[in-house]
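According to TrEMBL:
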- 24-105: domain 'GOLD' (DOMAIN)
Amino acid sequence: PPGAAEFSPSLDSDFTFTLPAGRKECFYQPMRKEASLELEYQVLDGAGLDVDFHLLSPKGETLVFDERKSDGVHTVETEDGDYMFCFDNTFSTISEKVIFFELILDNMGEDGQDQEDWKKYVTGTDL
């Protein structure tokens, strides 16, 4: 879908983006069963420093809903599938928001380890 992004199975990713007034942006993160997804967000700029935040399970169930908050930290134990999280600024007709969020993924299994394997092939100033 438009405005969607997927993050690699690395242990830690962060992202900052501008959310226009009247818009909603969603992101997807594939997860494994019995892993852990921690998501932290903060509104850095924009009138009211607030945004609506939704976190949905792969089955479409709402796991978290924060209404007009400036920040939040949420951790969920996961099942196999794609988790969707959305930042919603549709309540604002004028003010865009600058939003920072960080994903911390735990117990991702072998794929998470494979992502670190590239480091052994890079040395010195190449790193």
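Note: Cβ is positioned from N, Cα and C throughout, glycine not excepted.
The DSSP breakdown of the domain 'GOLD' (24-105), given as helix, strand and coil counts, is 3 helix, 56 strand, 23 coil. If you take every residue in the domain 'GOLD' (24-105) and average the pLDDT, you get 97.
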